[in-house]
């Protein structure tokens, strides 16, 4: 993933002082304040990072002798820098403008204070540059738990989502789930063209937002649980005690997975509701229902 400098300019309302290479992309989510570089130290310098000059760096340059400043700025801007942002609406030294034009480097200016600008850009890039993938499935918010429903086409994922929406839960996306990893969590969202849309066989595509209200759709949700639908197989030994822990790896993060056998007569929406509440219970309780049963059996044995 990469972010163009022009997109950064638009999203942060930055003033363009020098136009640079339009093809250059931002590919790392770290920033650099070049105080050490302007002092002549270039070990471990990362020119691919966004360079931000704040009041401290600006004052340091201001106090330099003109010839020294020209020499330092010339060397600094000889590197293939992605872009340079001057914060606090400070006036750039003319050496910066001259060398930036010569080397085709973007020089931008922001009215924000330096620390806030760095914080906003870091969070912005962490989101935009997060690893992504797209999976086939349906993502719903059930009782506050983000549940990814998977399974082969035609098994009833969308119909189950529709029933959950009718019961007051919320849809994030149907059919295609865009997933990005952000700080160890998985965030699911919908492709732009299908936001709020649900495809139901026999009916067609329905606009969930229009039929069930704005509160029935969410833009994104952290994925906590996977419910995998499969056709009921009589010879399959399905988990009946909740002790068979399965996980699915998405972008290097394991997500708890439950396999739900589907056959006529089973109310799958109710099962998913129960799974969501049970998942929340497992996070809050140190004892499982199986442990409770075993404790009761031990108590009965002791009484006998």
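Heads up, the Cβ atoms here are built off N, Cα and C, so glycines get one too.
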State the residue range annotated as region 'Important for the catalytic mechanism of dephosphorylation' by Swiss-Prot; the candidates are 249-254, 255-260, 261-266. 261-266
Same-chain residues at least 6 beyond the ends of the region 'Important for the catalytic mechanism of dephosphorylation' (261-266) whose Cβ lies under 8 Å from its Cβ atoms: 151, 155-156, 229-233, 236, 238
Whole-number Å distance separating the Cα atoms of residue 199 (Mg(2+) binding site) and residue 152 (ATP binding site) is 15
Taking the Cβ of residue 153 (ATP binding site) as centre, how many other Cβ atoms lie within 10 Å? 9
Compute the C-alpha separation of residue 158 (ATP binding site) from residue 175 (active site, proton acceptor), stating it in Å without decimals. 8
In angstrom units, rounded to an integer, how far apart are the Cα atoms of residue 156 (ATP binding site) and residue 175 (active site, proton acceptor)? 11
Which ones are near residue 175 (active site, proton acceptor): of the recorded positions 152, 154, 155, 157, which have a Cα within 10 Å? 157
Once 151, 152, 153, 154, 155, 156, 157, 158 are set aside, which residues in the chain still have Cβ within 8 Å of the Cβ centroid of the ATP site? 229
